[in-house]
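Feature annotations, courtesy of TrEMBL:
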type	residues	note
SITE	Arg9	site 'Transition state stabilizer'
SITE	Lys16	site 'Transition state stabilizer'
SITE	Arg158	site 'Positions MEP for the nucleophilic attack'
SITE	Lys214	site 'Positions MEP for the nucleophilic attack'
Amino acid sequence: MPAAGRGERLGPGAPKALRELGGVPILVHAVRVLARSRAVGTVVVVAPKDGVAEVRALLADAIGERESAALVVVPGGDTRQESVRAGLAALPADVDVVLVHDAARPLVPVDVVDAVARTVADGAEAVVPAVPLADTVKQVTPAQAPGLPEPVIATPDRATLRAVQTPQGFRRDVLDRVHAKAVEEGVDATDDAGLVERFGGRVVVVPGHEEAFKVTRPLDLVLAEAVLARRRSRDEY
Ligand SMILES: Nc1ccn([C@@H]2O[C@H](COP(=O)(O)OP(=O)(O)OP(=O)(O)O)[C@@H](O)[C@H]2O)c(=O)n1
Ligand SMILES: C[C@](O)(CO)[C@H](O)COP(=O)(O)O
């Protein structure tokens, strides 16, 4: 679980994974969901470099013996991709299936975690949960300076587009191989499945969930608080 980002788009404060949602750090919500899935045996949390001890203590208190999955905490890198690589290096040798889940998606339903893991277990090499887009999307030539008009190049057919979430699931050998190739070739991707595509692998999409959104900007935190409050009022959490 990459959790080493600073959360700059969320604004000033603690690293995003340690910011609170419903009085509990975002990271704790995310780890609890994974630990609740019967498909998950070990959770490797990739923490901010200067926060490893703090994250270990936090998770020992918050998760403790109550969940069944084993927990490992390692320091992250300067990019999400480097952090995922650090997490991969810390996996136990007998693990064959890896789910990569952003700590920044604390409200992903456990059913999505299970569905991704099941699809890998059933034979897919790389699986991403995703949702259809609500907005029409335009491809543009990015402006040279903020605020300038951007010429439109195309309007892709929305029916063929998906907004991709996590956890993304992989055969471990495939994920190890594409991360190693990415280092060799200096390739950066915004998600792990992107590396599989880039190096010739086959990625499939399964249904994601609207509540698996990424807490990225301040408004996302407002929405996350509302979703959590609704779950708590219905005793779903
Ligand atoms: N060097 C990094 C950067 C990101 N992440 C993790 O990758 C996930 C997705 O990243 P994002 O939401 O973009 O987080 P930040 O990088 O923290 O956000 P920002 O770009 O606003 O700083 C998050 O769980 C984040 O902690 C990470 O482990 N290591
Ligand atoms: C992996 C991801 O969450 C899939 O949507 C996304 O690509 C992460 O992007 P970020 O810019 O690192 O938040």
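Just so you know, glycine gets a Cβ as well, placed from its N, Cα and C.
Since this is a predicted model, take the numbers as computed values, not measurements.
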Recorded sites: Lys16, Arg158 - member with fewest neighbouring CB atoms within 10 Å = Arg158
Lys214 (site 'Positions MEP for the nucleophilic attack') falls, by DSSP collapsed to helix, strand or coil, into coil
Given the recorded sites Arg9, Lys16, Lys214, state which is nearest to Arg158 (site 'Positions MEP for the nucleophilic attack') when distance is taken between Cα atoms.
-> Lys214
Using all protein chains in view, find how many other C-beta atoms are within 10 Å of the C-beta of Arg9 (site 'Transition state stabilizer').
-> 13
Who sits close to Lys214 (site 'Positions MEP for the nucleophilic attack'): which same-chain residues at least 6 apart have their Cβ under 8 Å from its Cβ?
-> Asp102, Ala104, Arg105, Gln165, Asp220
Can you list which of these recorded sites (Arg9, Lys16, Arg158, Lys214) have a Cβ closer than 6 Å to ligand 2?
-> Lys214
Report, in whole Å, the straight Cα-to-Cα distance of Lys16 (site 'Transition state stabilizer') from Arg9 (site 'Transition state stabilizer').
-> 9
